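Trainee: The structure is given below, and queries will be raised subsequently.
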Amino acid sequence: MKILILGDIVGRPGRNAVANQLSHLREEYKPDLVIVNGENASAGRGLTEKNAKELFELDIDVITTGNHVWDKKEILTYIESYPQLIRPANYPDPCPGKGYTIIHKGETTIGVINLSGVVYLSNLTNPFHTIDKILHEISKQCNIIILDFHAEATSEKLAMGYYCDGRISLVYGTHTHVQTADKRILNGGTGYITDIGMTGPLDGILGVDKDIIIQQMQNNRPARYDLAQGPVQINGIITEINEETGKCQSLDNFIRIIEE
Ligand SMILES: [Fe+2]
Ligand SMILES: [Fe+2]
């Protein structure tokens, strides 16, 4: 089974890029399943119901999120209605929504899990404990298991990759918005990449207007984050997973630049 995954969609430029380019990516890669990270899809912070619907209308199978999941307050009430929109599983129990979803494609059952790191991020439940708990719940029923590990520290992400090796088909990182060049298949057959990058403005800092960020770094004052203008990048990965063994057979990363 081929799976196409796109990094954090940032604001309208990112959403437009997905709307305009996904059909071309589908033609090229012929994926059976498409996953995107939507935590920044609405004005760079959070995800409105309208924007979630628009993404699902493009036949995206799963939307994962991260630390920005709650930024648009309306998600607290609508997330329960969209089982294929997931949030990090290690948020405490009173949080609405689910940390994983199970998809059926023909004879194949795919589990998609979302977890947040805890190094330089919120102090959530330990993700290594949470992944064990989830795998105990879903491993038997899934042919393929995918994890979006939304985390800051490369060490935490690599540790999760090795921790899951042989138990999960693919561990990929999101959150830093910068794609890493370390894709590989670990000894136990788990595909791994530290970060798949972002989908949104290229000529900015993680999608935000670079002058605002530079100024903020100079003066240490809070600032309103406007998105950068200009060309847009689409960052993602395409992977092939064996449905029988659940092991990763190939993993490739890509970056597309779309001039305005
Ligand atoms: Fe993000
Ligand atoms: Fe994030």
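In case you wondered, yes, glycine gets a Cβ from its N, Cα and C as well.
Annotation comment: TrEMBL describes Asp8, Glu39, Asn40, His177 as Fe cation 1 binding site. The Fe cation 2 binding site feature in TrEMBL is assigned to Glu39, Asn67, His150, His175. As annotated by TrEMBL, active site, proton donor applies to His68.
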Trainee: Within the set Asp8, Glu39, Asn40, His150, which binding-site residues show a CB-to-ligand 1 distance under 6 A?
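Mentor: What lies within reach of ligand 1, judged by Cβ under 6 Å, is Asp8, Glu39, Asn40.
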Trainee: Around Asn67 (Fe cation 2 binding site), how many other C-beta atoms are within 10 angstroms of its C-beta?
Mentor: 19
Trainee: I'd like to know which of the binding-site residues listed (Asn40, His175, His177) lie near ligand 2, counting only a CB under 6 Å away.
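Mentor: Cβ under 6 Å from ligand 2: His175.
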Trainee: May I ask which of the recorded positions Asn67, His68, His150 is closest to His177 (Fe cation 1 binding site) if we compare their C-alpha atoms?
Mentor: His150
Trainee: Out of these binding-site residues, His175, His177, which one has the fewest other C-beta atoms within 10 Å of its own C-beta?
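Mentor: Comparing Cβ neighbour counts within 10 Å for the binding-site residues His175, His177 gives His177.
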Trainee: Would you mind pulling the DSSP three-state label for His150 (Fe cation 2 binding site)?
Mentor: strand
Trainee: If you count the C-beta atoms lying within 10 Å of each candidate's C-beta, which of the recorded positions His68, His150 ends up with the smallest number?
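Mentor: Among the recorded positions His68, His150, the sparsest Cβ neighbourhood within 10 Å belongs to His68.
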Trainee: Can you tell me the CA-to-CA distance separating Glu39 (Fe cation 1 binding site) and the residue listed as 'active site, proton donor', as a whole number of Å?
Mentor: 5
Trainee: Please name which of the binding-site residues listed here, Asp8, Asn40, His175, is nearest in space to His68 (active site, proton donor), Cα against Cα.
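Mentor: Of all the candidates listed, Asn40 is nearest in space.
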Trainee: Under DSSP, is Asp8 (Fe cation 1 binding site) helix, strand or coil?
Mentor: strand
Trainee: Taking the mean position of the Cβ atoms of Asp8, Glu39, Asn40, His177 as the Fe cation 1 site, which residues outside that list, in the same chain, have a Cβ no more than 8 Å away, listed in sequence order?
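Mentor: Same chain, not in Asp8, Glu39, Asn40, His177, Cβ within 8 Å: Gly7, Ile9, Val10, Asn37, Ala41, Gly44, Gly66, His68, Thr174, His175, Met198, Gly200, Leu206, Gly207.
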